[in-house]
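> From TrEMBL, here are the annotated features:
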type    : residues                                                       : note
DOMAIN  : 68-750                                                         : domain 'Myosin motor'
BINDING : Gly161, Glu162, Ser163, Gly164, Ala165, Gly166, Lys167, Thr168 : ATP binding site
REGION  : 621-643                                                        : region 'Actin-binding'
COILED  : 802-829                                                        : coiled coil
DOMAIN  : 920-1100                                                       : domain 'MyTH4'
DOMAIN  : 1105-1424                                                      : domain 'FERM'
DOMAIN  : 1390-1456                                                      : domain 'SH3'
REGION  : 1465-1484                                                      : region 'Disordered'
DOMAIN  : 1491-1641                                                      : domain 'MyTH4'
DOMAIN  : 1647-1953                                                      : domain 'FERM'
Amino acid sequence: MTLTVTHCAPCFQGEWVWVDPGIGVPIGARVKLTDTGHQLLVDDEGKEHKLSQKEEGSIRVMHPTSVEGVDDMIRLGDLNEAGLLRNLLVRHRQGIIYTYTGSVLVAVNPYQELPLYTADQVRLYHGRRLGELPPHVFAIADTCYFNMRRHNRDQCCIISGESGAGKTESTKLVLQFLAAVSGQHSWIEQQILEANPILEAFGNAKTIRNDNSSRFGKYVEIFFNKDGAIEGARMEQYLLEKSRVCHQAMEERNYHIFYCMLAGMTAEQKKTLCLGNAAEFSYLKRGDCIVCDGRDDAKDYTRIRTALKILAFTETHCWEILKLLAALLHLGNVSFEGGVLSGCMTQLMSEFFVCFLQVQPAALAVSLTYRSFMTNRERVSKPLNSEQAADSRDAFVKAIYGKLFIWIVGRINSAIHKTPTNGPKYVRNSIGLLDIFGFENFDSNSFEQLCINFANEQLQQFFVRHVFKLEQEEYTKEDIVWKNITFSDNTDTLDLLAVKPLNVLALIDEESHFPKGTDVTMLNKMNRAHAKCNKYIPSKNTHDMEFGIRHFAGVVHYDSNGFLEKNRDALNSGILKLIEASTNTLLQQLFEKELSANVVKNLASNNRIVSTLSGQFRQSLDSLMNALSKCQPHFILCFKPNDDKKSMVFDRNLCIRQLRYSGMIDTIKIRKLGFPIRHTFKQFLQRYRVLLNTTVCDPKTSVNIPVWFKCIPLCRKSFVKKRRAAVVIQKRWRGYREKKEYRKLQLGFERLQSTIRGRLARGRYLKELAAAVTMQSQVRGYLARKSYKSKREAVTVLQAHTRGMERSAAELQQRLEDVLSQSQEAAAKPEPVSEQEMVETMFGFLPNTVAVGGREGPAPEGFEVRLTTNALARTVPAPEPVPIAVPEEQPVVDYNDENEEFSFTKFSALHFQGSATYSHIKQRLRQPLLYHEDEGDALACLTVWWIILRFMGDIAEPKLINQEPSAPTPSQNNLGQRQNRRLSNLVGLDQVLYIRTQPQIQFNFALSVLVCPCRDEIYCQIIKQLVNNKNQNSSLRGWVLLSICLGIFPPTELLMQYLESFLGRGPSSYGPYCAERLRRIVANGERGEPPCWIELQAVKTKKTTQVSVALMDGLSVSLPVDSACTSAEVCQALAKKVNLKDIYGFSLYIGFCEKVWSLGSGGRHVMDAISQCEQEVRRKGEEEQHAPWRLYFRKELFTPWHDSSIDAVSTDLIYRQVIRGLKSGEYHSEKEDDFVQLAAMYYYVTFGSAISGENAKKVVEECITTELIETKSQGKLIQLVNAAHTQVNYSVKGDVVDYARQKWPMYFSKFYEVTQMSGPPLPKSNFIVAINWNGISFQDEKEKKLIELSYPEVTGVNKSRYGQGQFLLQSVDAGEMADLIQWYLEGLKERSVYAVALQDVNKQDDPTLLSYKRGDVLVIVKDGEYSPARGWIKGTNERTGNTGAISTDTVLVLPTLEKPSDTTLVRRQPGKEGGRGAQARGAGREKLWAASKEPIKQPLLKSLVGNTDLIFLLSLTFPSPILKYMGDYPIKQVRQPIELTDQIFGPATQHVPLQDEVYCQIMRQMTSNSSRMSVDYGWQLMWLCTGLFSPSQSLLRYTQRFLESRPREPLAADCLQRLQMLLSMEPRKLPPHQVEVDAIQQNSNQIFHKIHFPNDSTELFEVTSTTRIRDLVRNIAYKLILASADGYGLFMKTPNKVNFNLEDQNYFFDSLRQTTDQPKKTKKGHCFSGAPATMPYLVIFMRKLWFNVTPGRDLTADLTFHFPQELPKYLRGYHKCTKEEMISLAGLLFRVKVDTDKSQFVMIPRMLKELVPADEMKTMSPEDWKKHIISSYNKQAGITLDEAKVAFLKGICHWPTFGCAFFEVKQTSEPSYPSIVQIAISKQGVSFIDPKTKELLVMHLFNRITNWSSGSTYFHMTIGNLVKGNSFLCETSLGYKMDDLLSSYVNMYEMQRQSVRPRNNSMFPT
C-alpha cells in the first residue's frame, strides 16, 4: 500500500523517481549519472532532464510497485493519479490491456487484434476466482455468472467509457462468454448474440473518434434458469441520436444500415427501390465520408440479413424496412424553393412515396410546407419558408427512423424474451449488461449531452457508493476497528439536475409545456432559480445562451439553443394526419401510440404532446437505477489510449481526463480515507522482520509461520471484549462440569439398580431352571422306558424269526450264490435281443391288446349310454394313436456330464452319503444314498434298492421251495389305501417272499412303494443304476421303471434340475418321453394311487392312452390321456371337441358297478380314480384290465345367473341329461304335472308341433318313469301330454333347463360331509352340506333339511381353522367348499345392484358424493362412471332419490339378483357386519397423521402456509389427486393413471418445497388405512416418488423409518433401496413416464425397454427410474460385448424428428417424456393437468462419433452398427470414389444380398440401386454393371457374408469422408459457395463440400469453431475468435442433429484433453 517517502539524500543510478513535466500529473523518470557525476532524469518518454542541486533534494522516489506495474492497482504503493496513470502506461506498453482496481476492471482499447478471446480462453477463465488469473473481461463475466448461481442473486455489469473506448466490444465479449459457459448452444443464445449486428447496423455509425460508435445506450438483461442455462433476454434502448440521420459532422457517416443496404442489395432490388450509390443521397454525404476503412459494407449487409432471419424477421418485414429506409433517403433529396417543392422533385415524389410510404404526393407536400394550428375558433394553416420546410422534413425523417429503431428493438425482444413456462410469478436470475455513453464534454454541448451527463452522474453516484460499501466489507472481514468514513459524492449535482424543486430538467419540462416558451425564457428561469448554487454556472449576460454545470468529471458548458424543441420531440399535426392516411402497415405500427384517439384529440386542441423527451428519459433512467440497485454490480471502465485510433500510442492528457471522468479518483480518495497500506503477509514479513528480537520467521525457511508480536499492546476495547468472552467460557465450563458430575452420579445409581434387578432375575431363573430340569428328567425317563419296551418286543420277534430261519440258512445261501453266478454268466454272455422283445418279455403279464378305456362292463343304473341310430352316427371316433418313433439306439448310457452345471455327478458328490458313487453297481447298499432322519425311512430305502436291483435284473430271482400260489394277503387287498404311508410299514419278509414268485404282483408292489416319502432316494437309486450300465436288459428295465415313476410323483426341487439334465442326455427312445412325463407330473402334481393297467400298457408301447367319455346325448368321445391327466384337462379337451363354450358346472363322472361319483372339473387325477376301480376288482380276485369303469360328462352345478341362450351346445347337453334323469328316476317330483310339462316339451323338441297318438306314446315311454306309468294309466298320461303340448313355445330346450334348475336345485348341487364344531344347535352334528345356485342347505343322511340359507344371508366364508363365524364346520373338502361359496358370493355381488349402508355419510357440501344413513337401501347405477375396482360406485338412495358416488367401504353389496325382502334386510342389519364399529370409528375426531377420505384444504407442512404461489399450485388439483389415485375419492370419467401422477408429481418436480408435502401426503394416506387396495395404490405412489426425488434432510429419517417399519409390504424394501440410491443423485426433472406407471400398475418393479439397432434387430434392456442415458449406453455396450462404449449413443425417432440424440447426462425417462409427451394445458397455463398425448417413438442405439474405428477389430460393431450405418451413405452418393472402387464394392454388396446363390446374377440390373451409388448408376449401362459386378463377385469367392461386410468397410475406411454425417443445406452467407452445400461432420472437423462435384470447399477444425446453435429451420456457426468471427447461417430442418453432433465431438476432445492433465500432477502416484 502507499508508503510515500521523501528522499532528501542523493538518488542512486537506475532508481525510479517522480518528476513533474508541467502537465499537472507527475510522470516516471529514471536517475542517470553523467561522467561528471551530475544526475540526469530520463522520463518515460525518453526525454532527459537536468536537475539542479536544489531540485535533487525534493525528488520523490517511486514505489517499487509503480516501476513494473501491478495487476491490481489497489496494491500500488503510489495510490494517486500519477500511480494509476503510469501503471496503465507500463501495462499498455507491455501489450496488457486489462487491469484491476479492486473488483473494477479497467480495459484499454488496444486498437489491434489480440489473441485473448478464443474458446481456450473461455475455458481457462470459467470457474476461476477473480484475481486467480491475470485480469480479463472474461474474469468479470465469470464472476457475474458464478455469483448469480451461488447466491441466487441478480447481477449487473456496468460498462462505461468514452466513444471509441471499446464499450460495445466489451459488451459483446461478455455476451459471448455467458453464451459459451451456459453450454447449451441453444437457439435463444444465438438469437441474443445476433441482436448485436442488427442494433449496431441501425444504432452505430462512424465518428471521428470511433469507426463503430454506438449512438444509443442499451441495457441487456439475460435470464438464466435454475441450471444456469440462458433462457431469454430483454433489451432496453436509451436516447438514440436521431439527428445523425439528417446531419453528420465532417469525417463522420450516417448509420451503418444505409451504406450496407446500398452496398449489399442486389441490382434488381435497388432498381425496385430506385436506389443507387451512397454519393447520390444528401443524407449520406453531408459528413463528406462515405467509405469507412476496415469495414466491408456488403459483407456486413449479408451478416445483417442473416441476423434478421435468426431473429424471426420475415422477408416481408425485411422488405418493409428497406422500403422505409429508401423513402428516408429519397426524402433527404427533396429540396424547397421559397417554401414550395421544386417542380422536378414533385414528379419523383409521385413515383417514390406512393410506392414506399403509400401516401398521396399532394398530402405529403402540404404536410411538409404548411403548419396548421388552432386559434380560438378555427384551425389556421401557415405556409413555411424553405428553411422551415426543410426542418419539418428532417423532423419527419428523424421521427420515422427513431420509431423504426424502437420497433426493431421490440421485435428483437419478442423473439428473445420468452414468458416463463412456470407461470407469471416464476422468478429467474439474470445478469444485466449496461452499455451506455460515457461522460461527454465537447466544444458545443446541447440537450443530448445534458441528458447523457445526467445519466453518468447517476451511475457515478451508484459507483462511488458501491466502492464505499466494498471498503466497509473489507474492514469488517479483516476485523479492523475503524470509524465511519465521510466522503463527498455528487449529490449536490444530482439535486441541481433532477431532485430538488425547480431543478434544471423540471424547468426545461415546464417551459416546454408553455406554447410561448422559448430557450431564452427557459435560461432566464434557470439563472434566477440556481444563481446561488455553487454547482451551477449562469450565463454571463442576457445575450449569452450558455450555462454551465460542475459535474464530477469537470465543468461543462451547454448551449441552450434548441433545448425546448428537442425536449418536446413533437411532430406537426399535419404529418400525423398524413401517417394516419397512409396504407403502409409498418408505418402505422411505428406511430400507433401517436395515432391513438386521445392523442390525436390532444394534438387538435393544443398542438402539443404532454410527454417530453427528458421526462421519458428520466423515467427510463429511474427504472434502470432501480433495477441496478437490486443487483450485485460489477464495473468495466473502458479507456481509449489516443484519439487517432493507433496502437501502442498512449496520450497522457487524454487518459488522465478519462481517469477523472470514470470516477477512479473518487475510488482513490475513499481508499486513502481508510487504510490505504495493504501488504500481503509475505510482503509485510520481508519489510518489517528486522523489528523482531528473535531469529524466527526467516523468510527463507519459515515464511508461513505466524508470529505474535509482543510489542503490539492490547487496547482497552479488545481487552474488555476478550474478558467477556472468558466469562462466557467459564460459565459454560462450570455448567458442563456440574452436568458431568451429575451424569456420573446418575450412572452410578442406574448401575446399582441394574445389579439388584439382575440378582433378583437370576434367582427367579435358577428356580425355573431347576423345575424344568426335573420335568425333563421325568419325561426322558418315560420315553426311555417306552423305547426299551418297544425294542424288547422287536428283539423277541427277530429272535423268533432268526431261530426259524437258521435251519434253512445254509441251503438258501447256497442257492443264492448259484443264482448270482448264473446272473453273472448271463450278463457276461448276453444273447442278442431287440429292445421291443425285451419290453414284450418285461410286460408279458399284460394282455396283447387292450380296448379303449371306459367301455368295460355294464354301466350303472340310469347311466346307460343308449346309442340309437342317430346317436351312433354322431359318435366321435377316437383318433388313431400315433406311435412314438423308437430308434434302434439301445438305452445304454455312457455317462459323462462333469462339465454341465447340473450334472448328476455333481449332485452325487454333494449329497450322497459315505463312499456311494453315481454309477451302476450290483451290490446291496449299506446305507441309503441320501440322508434320512427317520430310521424306518432309511430301512425302507434299502429295501427299495433291493427291489430295484431285482426289477432291473441286476440280482437274479431266488427260487423258493414248495411255495404255492396263495390268495392275496391283506396287504395286497388294501393297496388302494396305502397312500401316504411309510415304506417301512409296507415291506416285510412275507411280502418279499411272495413277490419272488409272482412277477405281476412284483411289478405292482414295486410301483406301489413309489408313493413313499423318499422320492429323491428312489430317483437317485434308479439313475445310479442307469449310469454306465453296460447291461442292455438292465438299462432298459431301469428306463421303464423311471418312466413309470415319472408318471406317479415328481422329485423335490433339490433334484429337479439335475433330473432334467439327466433326461436331456438320455437315449432318444426314452429321454424325451421321460422328460415330457416329468413336465406333466410337475405341472399337475403328484398322484395318490399306484399306476393302473392302461398306464402300464402306455409305458409298454410309449403310445398315448385313449379313454372314452360318454355324453348325456348319447355321444361318446375318445380322448388321449396320460398318467398326470386331471379332470379339468379332460373337461376342457372334451368341451373343445364338442364346441362347448359355457363349460362351468360340467364335471367328469366315473361309474363303477352300481356306483357313480364326481371327479369334478379341477385337479383330481383321472388315473387315480381308474386305479381305485382296478384295486377293488383285484380285491375281489378278478383281473384288473377288465374292471367295469366308465367315464361320463354331465352338468353338476348351475350358476345363479345361468343363461340358457348363451351356448346352445351346453343347453342341449343339459336338456338331454334332464330327459334321461326323468326316465331313470334320478329327478323325481311329487307332482305329476312336472313330468307332464317336461314330457310335452320333449314332445315338441322331438316331433315338432304336430299331434299324434303314436308319438305321444313314445314320449311317455321315453320320459316318464315306469312306476308312474304303472300308477297312472298310459292313456291318461298321453292325454295330459297332448294337452300340455299345445301350450309349448319355441325356446323349448332352454325352458326345460330353466324348469329343471328352478325345480330341482338339490339335484344340481355339490355335497360335502361335515362336522359342526360350533354354532347354533342343530339336531345332528354330522350332516351333509349341499351347495347350489339357490343357496346352502344342511341335510341329514335321509336328505331331511336341517337349515337352509340364501346367499344374501351369508355374510362371509373363510377356511381358517380358527376362523370366527356363526357356523364352524370341519370337512376334508373344507377348502373346496369355501372356494365354491366365495365364488358364488363374489359373482352375485358383481352382478347385484342392491346395497345397504353400513354407516351414516353426510356429504352435503360435496355434490359428487351421495349422502345416506345407516341401513338405507341403495340402488347401484352401473353406467361406468366410476370404477368399483378403485373402491367407488354410483348409486341412488331409495329413501331420498338422490344420486352420487358411494364408497364401497361404507356400504355392503348384497349378493342377490333380486331386490332383497324385508326379512333379509332385517337379518343383514349393518351392526352384524361391524357397521357399528365403522360408525364409531367414523364419528371420532379425524387424525391429521392418519388416512382420511376427506380432501385436505391446506398443506400439511407449516412451511408452505403463507406461500400463496405454491398453495395455488396445490389448489389447482383439489381434491387431492393422491386420494383419486389411491381410490379414496371418486373419479367421474375413466382417466389414465398417468394423468393423476402428473398432477401429483408435476408441481413437485418443478418446486422443491412441494416435494416434502407429497411425501407427507402419501405416507399419511397409507397410515391406518383399512383399505388394502388403497394401501397398494399408495405403495405404487411411494415407489414412483422414491424414483423422482428424495425428501429433505428434516423429513428423510422419518421417511426411512416409515419404510423400514413395514417389512411385510412387497414394495417397502424396494422403495427404501430406491430412496437410498436417490440420495446421492440429482432429482428427476419431470413426472414419471407412462412406462414407469404401467410397470408399477402391473406390480412389476422391473422395467424393460426395447432398443433398436441399425441392423433392424431389437433387444430388451432393463432400465430403472434413475437410469441415465450414459448408464444405459454402457449397459448395452456391455451386453453386446462391444470393445468400447465410447462413440455410441441413444437416439430417438418420432414423427416430428428423425434420430435425434438423447443427452448422456439426462435421465432416460426424463428424456423420453420431454420428447414424446405433449401435455395439455389449463386455461391458466399450467401443465400436468391433462393426459399427455404420447407420440409413438423408437429408441435406437447406434454409433454417433466415428473415432478409433478400424474395420475388423470389433466384429460385433462392424456387423451391427458400422456396416448398416455406412451403407446408406455410400448408396446415396455422398462419397467420392473411383469406378474400380465402386465395382469392387458392388461385388461385395451383391454377395451380402445373395451369398453364394449365383442364380441371382440375372437380377443384378434390377438391384443396381442397392449396389451402386445413386449418382453413378448412369455412368454405365446395366449390362456393363452386371458384367463388372459378376467379375468382382467371382474374384471374391470363398468369403462369408460377415467377411463381405467387413471387406466393404475396409474398402471405404480410408476415404476422408468415412464416418461423416452428411447434411445438405441452403446457404446465403458465403457468396463464393454454391447455394446448396453439403456439410460433412467428422472427427477431423466440419467440411463444406460441393454436392455436384464432391470437391472440398473448406474444412474448419473444431478448435476454430467458437459458437454454434440451431433453430427450427436454421443452423448457425461462428468460425474464428469471439471478436472477429465469421458467421455462417444455413437453412435446414436437421439443424438439431448438426448442433448435437458438433457438441459431442467438441466435448469428446475436451474430455480427452482433461484426462491427460492429471498425469503431470504430483498428487497422483507414478
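In case you wondered, yes, glycine gets a Cβ from its N, Cα and C as well.
Note: TrEMBL annotation is automatic and uncurated.
Neighbours and distances for these, please.
Taking the Cβ of Ala165 (ATP binding site) as reference, residues of its chain lying under 8 Å away and at least six apart in sequence are, in sequence order, Ala107, Asn109, Gly438, Cys638, Phe639, Lys640, Gln658.
Long-range contacts of the region 'Actin-binding' (621-643) within the same chain, counting only residues at least 6 positions beyond its ends with a Cβ under 8 Å from a Cβ of the stretch, are 88, 92, 101, 103-109, 111, 137, 140, 143-144, 147, 151, 153-162, 164-167, 170, 174, 208-209, 219, 221, 236, 238, 430, 432, 434, 438, 454-455, 458, 462-463, 466, 649-651, 654-655, 658-659, 662, 664.
On the 0 to 100 pLDDT scale, the coiled coil (802-829) averages 60 in the predicted structure.
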> By a simple count, how many Cβ atoms lie within 10 Å of the Cβ of Lys167 (ATP binding site), its own Cβ left out?
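Its Cβ shell of radius 10 Å holds 27 other Cβ atoms.
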> Take the region 'Actin-binding' (621-643) and count its residues per DSSP category (helix H/G/I, strand E/B, coil), listing them in that order.
9 helix, 8 strand, 6 coil
> Around Glu162 (ATP binding site), how many other CB atoms lie within 10 A of its CB?
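The answer is 25.
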> Of Ser163, Thr168, which of the binding-site residues has the most Cβ neighbours inside 10 Å?
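Sorting the candidates by Cβ neighbours within 10 Å, the top entry is Thr168.
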> Neighbours of the ATP site Gly161, Glu162, Ser163, Gly164, Ala165, Gly166, Lys167, Thr168: Cβ within 8 Å of the Cβ centroid, same chain, sequence order.
Asn109, Asn210, Ser213, Ser214, Gly438, Cys638, Lys640
> Give me the non-local Cβ neighbours of Gly164 (ATP binding site): same chain, 6+ apart in sequence, Cβ-Cβ under 8 Å, ordered along the sequence.
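Counting only residues 6 or more apart in sequence, the Cβ neighbours of Gly164 (ATP binding site) under 8 Å are Asn109, Thr207, Arg209, Asn210, Ser213, Lys640, Asp643, Lys645.
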> Around Gly166 (ATP binding site), how many other CB atoms lie within 10 A of its CB?
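Counting Cβ neighbours of Gly166 (ATP binding site) within 10 Å gives 24.
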> Inside 10 Å of the Cβ of Gly161 (ATP binding site), count up the other Cβ atoms and send me the figure.
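Result for Gly161 (ATP binding site): 26 neighbouring Cβ atoms inside 10 Å.
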